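Notes to accompany the following structure.
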Amino acid sequence: MRVYQFCRPFQLFTYFLCYLLVFVKANKEKISQKNYQVCAGMYSKEDWKGKIDPFISFNLKKISGLSDESDPGLVVAIYDFQDFEHLGVQLPDEEMYYICDDYAIDIGICEEENRDEFIVQDVVYDPYTSTNRSLANPIMTFSQNEVGLHDTRYPIKETGFYCVTAFRSSTSTKFNAVVNFRNAYGQLAGTEINKLPLYGLLAVAYVVAMALYSFAFWKHKHELLPLQKYLLAFFVFLTAETIFVWAYYDLKNEKGDTAGIKVYMVFLSILTAGKVTFSFFLLLIIALGYGIVYPKLNKTLMRRCQMYGALTYAICIGFLIQSYLTDMEAPSPLILITLIPMALALIIFYYMIIRSMTKTVIYLKEQRQIVKLNMYKKLLYIIYASFLSVLAGSIVSSFIYVGMNTIDMIEKNWRSRFFVTDFWPTLVYFIVFVTIAFLWRPTDTSYMLAASQQLPTDPENVADFDLGDLQSFDDQDDASIITGERGIDEDDLNLNFTDDEEGHDNVNNHSQGHGPVSPSPTK
């Protein structure tokens, strides 16, 4: 039977399918009549040491719809991606013919001994280099119509990007199989193994940075701002989260993609949702002036910030749980039920941060508080630099592959793409957080800075300040620190951040009788 009609789109499709499949996340991949090709990066034992010799195996789990006992069922090819052009022969009518069957044998494009196998050409013309090209690595091809593990494994002698393709001999045939891309070092996919040492190093970096911050925290334990306590708690959380990420890759490399590993991944995603949400929350309260412009925020305002953060966290958790319950091979539009609210929640968070930061900077300019203003300017520079760094990583990676043909790009991209898409943003986040923590670290003057203003810059609004008032930070009601004697209706404070809610106008209004801030030690 002529089978090229089933294979006609193979050559063009291979380019795009393999590029999309370059990020195989597990070393065992399913293959079926719907998804008849899978690819993954593989390391040779020389490039990445391990206990076993790396290989690719094919295990047919289910097959049905065979016409008779002579039906070959599946025709399978295992090959290095750069050799895909060696599969099949172009007929005079410009159709590609891939399987060695009766018709192919009759017209002389393959031999009887290769019946029910892929047609393989040892030398082909390469249109990219305009030269003849030989096989880079052997191509293994066979047919199978019975359930079970194929006897022969494909050995990996060279590091590369390898593919497995399975064609049906009949459109009525249905099958399910598992392809095992087994590297020498363990169960992790080739695209993930570099994350294991990198996240280990990142965990060590977090521990060192946290130790340095903790030392400053302990040294000034009697002069701490609430914000600095938040930062230390988040430092501990981020350090633990990074260690958990490293442990995930280590366990997955040892155990494989088991049910326990999947549960662990859900747990890890919950931690990641907390990391994202609390990062936005910290930036929001800093943007509102917490800890530097004002020792504390109004209690109602702080509570509403916390409630909005908790709501965002719950939405992120819902999205993650739904994404794990959704079949990625058949995605459902129902995922939008949680995706859209999560996107909106983060956008609103970002808007509130930028708006609050802008108002705080304007207020500091009006009050001529140069030191605090410079701190907030540095924070803005850090945020902008982080965005530019992530963007620059994507641009640089794109330029690296400019000029490469499709085959070379796919062959090389799988080993480094993870760094730009996964690890680079994580590394930028680490640098940004450590920089912000260093900027707001406990010092001999940080407590006084939050409790005072640069009096000579605004002499008309100066009010007396007593060092004994420092103790009152812990004794006064949170709201009175911002609102002073006048007080303010808590219902006037909401997350729309009008002028009465951010505390800036509270200070300005009170300055009519007492200076630029309330009588409490916010001067």
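Residue numbers in this text run from 1 along the chain shown.
Positions of Cβ are set from backbone N, Cα and C atoms, glycine also.
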Original post:
Do PHE81 and LEU288 come out on the same side of the membrane in Swiss-Prot's annotation?
Top reply: no
From ASN132, ASN298, the annotation N-linked glycosylation site in Swiss-Prot is attached to ASN132
Tertiary contacts of the transmembrane segment (231-251), defined by C-beta under 8 angstroms and 6+ residue spacing from its ends, are 188, 192, 195-196, 199-200, 202-203, 206-207, 209-210, 213-214, 217, 261, 264-265, 267-268, 271-272, 274-275, 278, 282, 430, 433, 436-437, 440
Feature contact check the transmembrane segment (266-286) with the transmembrane segment (334-354), CB under 8 Å, 3 or more pairs = yes
Confidence over the topological domain 'Cytoplasmic' (355-381), expressed as mean pLDDT on the 0 to 100 scale, is 88
Helix, strand and coil residue totals from DSSP for the topological domain 'Cytoplasmic' (287-304) stand at 7 helix, 2 strand, 9 coil
How about the transmembrane segment (198-218) and the transmembrane segment (418-438): do they have 3 or more C-beta pairs under 8 A, pairs 6 or more apart in sequence? yes
Spatial neighbours of the topological domain 'Lumenal' (252-265) not adjacent in sequence (6+ beyond its ends, CB under 8 Å) are 26-28, 185-188, 192-193, 196, 324
Same-chain residues at least 6 beyond the ends of the topological domain 'Cytoplasmic' (219-230) with CB under 8 Å of its CB atoms are 282, 285-286, 290-292, 295-296, 440-444, 446-447, 450
